[in-house]
Amino acid sequence: MDMTFFRAALLGACVLLSGCDSATTPASPASTATVLDGKTMGTFWRVSVIGVDEAKAEALRAKVQAQLDADDRLLSTWKNDSALMRFNHAADTRPWPVSEAMVDIVTLSLRIGAKTHGAMDITVGPLVNLWGFGPDKQPVTTPDAQAIAAAKARTGLQHLQVINQSGRQFLQKDIPDLFVDLSTVGEGYAADHLARLMEQEGISRYLVSVGGALVSRGMNGEGKPWRVAIQKPTDRENAVQAIVDINGHGISTSGSYRNYYELDGKRISHVIDPQTGQPITHKLVSVTVIAPTALEADGWDTGLMVLGPEKAQQVVREQGLAVYMIVKEGEGFKTWMSPQFRTFLVGEKN
């Protein structure tokens with residue numbers, strides 16, 4: 001039995017910086033991009049900014065890391081004392097007070113969950129843990145039907161409610177052991193939060209990323225739009241499938257081809273279908289979404305990834321989303337994009 005676990009450095013994130021931030025070859029010294037980076041939420045963050053001197057850059061680095069650490073304390077399922085895990089551990093089914101940020105994230109997640117027919121399910125945590133992609137250890141044997149059914153009984157968006165009352169925000173669950181997992185949208189939220197920090201700091205030209213979620217504004221060091229490359233679904237790093245301009249938007253990619261392990265001779269994807277309780281097995285290997293915010297993009301790409309190519313395309317058409325898909329076909333891949341996504345393609349602009 002092969003229990004080798006394969007995990008990419010970016011935990012399956014397959015959106016790359018395209019090298020257009022001029023960090024190494026600026027147009028002129030005054031327009032050089034300052035690049036800051038670090039680690040958060042089990043992945044990496046990167047901030048590229050224009051017009052920031054060395055002293056401000058170091059202060060900015062500290063603010064970025066502090067903010068991301070706070071986001072992690074809000075959303076982490078790996079920290080038992082995070083705000084989210086305190087809600088998960090509580091057996092009380094009465095309304096539980098939470099922050100406005102938490103309510104915003106959960107509200108959007110529930111909305112996308114409904115529009116993807118339950119495919120984007122932030123209560124899928126028990127199944128994620130059962131299959132070894134959460135804080136629990138990886139299984140040594142394939143979970144049986146009884147274990148899957150028991151985990152599924154603790155899931156379901158219908159068990160979670162958002163309450164806004166007299167200026168206060170609450171989450172309420174109707175089963176004590178409901179487990180909410182916001183890792184599917186955490187990177188998107190954190191990227192948007194970094195973008196707001198840049199605005200607060202008076203920085204109007206930036207590209208920020210947390211894992212596979214990115215947000216940009218303004219022009220890069222060469223006076224051109226920030227560009228992002230979508231990676232080909234191969235083990236070769238920096239192999240580019242397409243390049244897009246995302247100025248003023250968020251982008252996120254969900255992929256099934258890097259975060260997996262092998263168990264009982266089968267490849268186990270980290271993407272779990274809430275309906276079956278099992279990892280996906282369809283041919284869709286990558287979904288990229290461009291949306292007004294990275295949080296929205298991060299939520300949609302997860303739901304569409306679960307649905308598979310045919311059902312996902314139907315939802316994309318219904319919702320008018322900007323989406324790019326890569327589908328396994330024989331020994332190669334085929335691509336599909338919505339008309340809304342095509343408007344962001346660099347090749348379509350030139």
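Glycine too: its Cβ is placed from the backbone N, Cα and C atoms.
The feature signal peptide is assigned by Swiss-Prot to 1-19.
Look at Swiss-Prot and you will find Cys20 tagged as S-diacylglycerol cysteine, backed by sequence analysis.
For Cys20, the entry in Swiss-Prot reads N-palmitoyl cysteine, with the evidence type sequence analysis.
Reduced to three states, the DSSP call for Ala119 (FAD binding site) is coil. Counted within 10 Å of its Cβ, the other Cβ atoms near Ala119 (FAD binding site) come to 24, all protein chains included. Among the features that Swiss-Prot reports, FAD binding site is placed at Met41, Trp78, Ala119, Met120, Asp121, Asp181, Glu187, Ile272, with the record citing similarity to another entry.
Taking Cβ-Cβ distances under 8 Å and a sequence gap of 6 or more within the same chain, the neighbours of Asp298 (Mg(2+) binding site) are Thr184, Val185, Gly186, Glu187, Gly188, Tyr189, Ala213, Gly250, Ser252, Val289. According to DSSP, Asp298 (Mg(2+) binding site) sits within a helical segment. The feature Mg(2+) binding site is assigned by Swiss-Prot to Thr184, Asp298, Asp301, Thr302, with similarity to another entry given as support.
Cα-Cα distance from Ala119 (FAD binding site) to Thr302 (Mg(2+) binding site): 8 Å (rounded to the nearest whole number). Counting only the Cα atoms, the space from Trp78 (FAD binding site) to Asp301 (Mg(2+) binding site) is about 23 angstrom. Fewest other C-beta atoms within 10 Å: among the binding-site residues Asp121, Asp181, Glu187, Asp301, that description fits Asp181.
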